[in-house]
Amino acid sequence: MLDVNFFDELRIGLATAEDIRQWSYGEVKKPETINYRTLKPEKDGLFCEKIFGPTRDWECYCGKYKRVPFKGIICERCGVEVTRAKVRRERMGHIELAAPVTHIWYFKGVPSRLGYLLDLAPKDLEKIIYFAAYVITSVDEEMRHNELSTLEAEMAVERKAVEDQRDGELEARAQKLEADLAELEAEGAKADARRKVRDGGEREMRQIRDRAQRELDRLEDIWSTFTKLAPKQLIVDENLYRELVDRYGEYFTGAMGAESIQKLIENFDIDAEAESLRDVIRNGKGQKKLRALKRLKVVAAFQQSGNSPMGMVLDAVPVIPPELRPMVQLDGGRFATSDLNDLYRRVINRNNRLKRLIDLGAPEIIVNNEKRMLQESVDALFDNGRRGRPVTGPGNRPLKSLSDLLKGKQGRFRQNLLGKRVDYSGRSVIVVGPQLKLHQCGLPKLMALELFKPFVMKRLVDLNHAQNIKSAKRMVERQRPQVWDVLEEVIAEHPVLLNRAPTLHRLGIQAFEPMLVEGKAIQLHPLVCEAFNADFDGDQMAVHLPLSAEAQAEARILMLSSNNILSPASGRPLAMPRLDMVTGLYYLTTEVPGDTGEYQPASGDHPETGVYSSPAEAIMAADRGVLSVRAKIKVRLTQLRPPVEIEAELFGHSGWQPGDAWMAETTLGRVMFNELLPLGYPFVNKQMHKKVQAAIINDLAERYPMIVVAQTVDKLKDAGFYWATRSGVTVSMADVLVPPRKKEILDHYEERADKVEKQFQRGALNHDERNEALVEIWKEATDEVGQALREHYPDDNPIITIVDSGATGNFTQTRTLAGMKGLVTNPKGEFIPRPVKSSFREGLTVLEYFINTHGARKGLADTALRTADSGYLTRRLVDVSQDVIVREHDCQTERGIVVELAERAPDGTLIRDPYIETSAYARTLGTDAVDEAGNVIVERGQDLGDPEIDALLAAGITQVKVRSVLTCATSTGVCATCYGRSMATGKLVDIGEAVGIVAAQSIGEPGTQLTMRTFHQGGVGEDITGGLPRVQELFEARVPRGKAPIADVTGRVRLEDGERFYKITIVPDDGGEEVVYDKISKRQRLRVFKHEDGSERVLSDGDHVEVGQQLMEGSADPHEVLRVQGPREVQIHLVREVQEVYRAQGVSIHDKHIEVIVRQMLRRVTIIDSGSTEFLPGSLIDRAEFEAENRRVVAEGGEPAAGRPVLMGITKASLATDSWLSAASFQETTRVLTDAAINCRSDKLNGLKENVIIGKLIPAGTGINRYRNIAVQPTEEARAAAYTIPSYEDQYYSPDFGAATGAAVPLDDYGYSDYR
């Protein structure tokens, strides 16, 4: 049987009226929903049981048949099938419309698909559909041509008749006038009386002429309209149309409303139209060609997909199942209903009224009005508010239509398909659990009991504590004593997942082994707080339970916290000692001169003191109080490895072995610290600042297995907390010391500030200069107070200990507390020239407090905005990169990128590249790295870790070629070798790893730390965008603010300095055409760069520039970089620019993550010439598809298509993805679905999102095909065992089982007695 959940692709298309009737289980004829008295559905109404199925399981409407035995019977009284009530979730109905209507998506979308197909302007289309104009649907050209002369003669006769009548009337009137005048003259009337009569007569004659002329014009209009009549012609004048129908009705047909559109589509020849459009594209120019291209996209979509365009005009409307638009009774007898029911009711009401009017033979104008209203009600049902005012419900709220159910964050896609609520989960407040191991978490007993309830119940039955599941459930609910023992047993080895929202990167969900704890709070290991970004001020976390064996295995192996020590963004450890732990280890390893029991060399008759034969002896002395752990001593060590240089000196080539003794001059604290490190790690004899601790853990992560690192950080945590407690570091008011010299320092600077103020008042300085001078003065003052403060504080001051150890805070904060706050900024980011002279210890004056709050509030507002922006950036990044999955081991490409390892200084020494951590580190080498003598230092295909990089630098190699995602040749996704080491595991990335999502999270997660503001460089200069807006600008491939021109060619610069503008001309070296950059604003300033002679200075006249070099300050436009230097350069440019923003904030992200995103931005090619391929010019095609199609066409002897690479922003690239499901769930849902339906798009379900939406395993990690399709191959022993079955005749078993089938392995002993 076919499994409905097992399919390889999902196609979307246009439904015709036939399809809609096929899906339907019956026609909904009445607008009624349910009977308010019986609360049962009305027959033929929107909830009808006959159509949609029974409301109660196995029970018909009238109650004749009840219960399962009657399954499948259709009741002859009420017509309801006896079946499960859940069919009401899947059975559809339909409404037969009395007049066709158009589908608003296809008529109103931008661009209007109906308009493009029929070549009608959307305005005209609207007039036709909403009964404001008639359209000619067909003209019998032949008949009109044959009878044209007869008709013309008839028309001539008619005109002649009108003219004759006019002439007759004029003549009669003229005669009457003559007679009247003669009569007046005879009476001897006055002249003005005669003039009045004459004027009146002439006026009447003029009216006769005008009337006749109007009639002649009308006839002329009718005739000319008729002779030029063509299909798709609009006639807005109703009288004109009526005349045409009366006179020439047999020569043409016309109509208004959706019926006319339906007729036009029926008569539309898609193939002929496509051919004529292709012809226009080949030979046309300008606007005409562009319009033809756009129309061809729509026409070709119908031509290729085999969709019938008739689907855009509906004769029947589907009614979705009633359970999806429920109606529920509230307390108080009122009903709450889905908006869809109201929208359907309007459609049915109007449809029934229209049917009645047609049956009654109502006048056309009334029928047309009703048809228009029907069209509007169907529009509102499909997409309310798309045209005109939206239909509103009670309280003027727009009703939610079918489109609104899909759109947006609350729509079906994002609310229910991409994120679901799950059972077996709970949440609670977190507290710190310092006694836990790294892989453990404390789970409250009550919560654990509820989570593991089914497991506990089953185990109770197994152990005979309970007779059946029901009594077991009762035991659990009453919390009997046996339950707790069973719970302990059940949770052992069963990991749980902990998650803290917001989950910004993959470490936001980790697996732990639960330990039962009293209380109601979850206990969290202190070292994982960094990864979760958790603190204990009331944060909550959610617990989830992996149920299946596979889920548990994945949680344990892949997600256990002790396996996730490294950051996926930088590959460096995240589980580091922090805060108290740092302080404790810093205290432990500090050396205090003159402390108790310090080593004293022998002098005179005093022997040397403070020398110990072993750490144990030293600890004994410390316990007796004669030695301080921080005093310098000499101690003989046998179990700790000496530092590298001492080891080389003492033990030579053979090296130190455990048990070899050596003397160390150190402190007991440092010996104790080193005993925490793994055996064989060289002795570290220095004070443990946070940076040193980080370096050690980094080194451990590079050289030791993860489990050793996890154990070590756990030991460091325990020691850190222990010694932090022992150190007694606390902060009180008495520790905040105000420097005594502060007043005199400030007085001195006050004088300088007064001088500047006076100069300003005299007019010697302008406002800006005065501000700059004051800012400079007060900056110096603040620094000097800080200096005085540092000198005044003793080294053992707790505040200084906390800051110096790197636990938290920095010296600026100490200065603010005890020295002076200094200058503060206003919301624009400019310094206010009055400093805050008080410290927080002394207290601020009212004015100081006020100006201080100014910038602080801006900071808070910024943070709120930044969080939302950063989340949206992450969402777009995930969307664009979600289908980048490692698909194969090696794509065998020879290409790669060159990265710098070091720079040669003028004296020949190597200066290590500061960005080596994010560029060369953790890459796969693309070619052998060879030194000057030709020795291979590191072979091709090796992973560059810290040891390899050190070896390369030692050999004097300054740059290497490494494999990169940018040059990977895998068609979908990337290969493992090009991606290199997985930052999170420290090993080569596994096939199936979703590196795209990891990349998006690594870039998005620190997004909140990036500043919002665009910072001002130098006074009035152009704003240079920085921080988050700059990252968005780069990833969206926008033209940057303050765009800087780049050199199109290599050549000499000619610089013309105008009044407000520069004009730069480049004279190319190859003698080509000169390139001129005109009107470059002087506010932008010329670029400073290295010249041929090695000096760094501003660009000036006569300088030599290379192609692609930036000429002005600011940012280059990536599209120009692509045009001038090609795709490879623009990729490197984007990676470099994004990294600059993150580095400015001190965030370390590996280049490879940014490369993954940039690769997606440059995935497409725009077709310039289609050659012999099916591609349309101007369309965007995936590069892999483009190359494959070209290879195919060339092999068949055709012309390949020509295309050029195009850089797309991440939003555009996400919407251009091949998967319509993924695009629709991202943004612009209705537009994506409209397009996909017309093209009859098929979703191959390659990415992650699409599979999440339809509820399949995602094709990443263990869900990838190569891991799912596994057959068990028997071992040789099993095969041999298979042959030991007593053999019958040969024909039963073929002698060879072959590799394909696998041998039959007996599972239990056969009893053969029956056969004998």
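Note: Cβ is positioned from N, Cα and C throughout, glycine not excepted.
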Of the candidates C968, C1240, which does Swiss-Prot annotate as part of the Zn(2+) 2 site that also includes C891, C975, C978? C968
Zn(2+) 2 site, defined by C891, C968, C975, C978: further same-chain residues with Cβ within 8 Å of the Cβ centre: E888, D890, T893, R963, V965, T967, A969, T970, V974, A976, T977, Y979
Integer Å distance between the CA atoms belonging to C978 (Zn(2+) 2 binding site) and D535 (Mg(2+) binding site): 38
Would you count the other C-beta atoms found within 10 angstroms of the C-beta of C891 (Zn(2+) 2 binding site) for me? 19
Residue from D537, D539, C968, C975, C978 whose C-alpha is spatially nearest that of C60 (Zn(2+) 1 binding site), among the binding-site residues: D539
Compute the C-alpha separation of C975 (Zn(2+) 2 binding site) from C78 (Zn(2+) 1 binding site), stating it in Å without decimals. 63
Cβ-centroid neighbours of Zn(2+) 1 site C60, C62, C75, C78, 8 Å, sequence order: Y61, G63, K64, Y65, E76, R77, G79, V80
Note the Cβ centroid of D535, D537, D539, the recorded Mg(2+) site, then list each other residue of that chain whose Cβ lies within 8 Å of it, in sequence. I430, A534, F536, G538
Can you tell which of D535, D537, D539 has the most other C-beta atoms within 10 Å, given these are the binding-site residues? D539
Distance check against C78 (Zn(2+) 1 binding site) for the binding-site residues D537, D539, C968, keeping those with Cα within 10 Å: none
Cα of D537 (Mg(2+) binding site) to Cα of C978 (Zn(2+) 2 binding site), in Å and rounded, measures 43
How many whole Å apart are the CA atoms of C62 (Zn(2+) 1 binding site) and C968 (Zn(2+) 2 binding site)? 68
Near the Cβ of C75 (Zn(2+) 1 binding site), how many other Cβ atoms are there if near means within 10 Å? 20
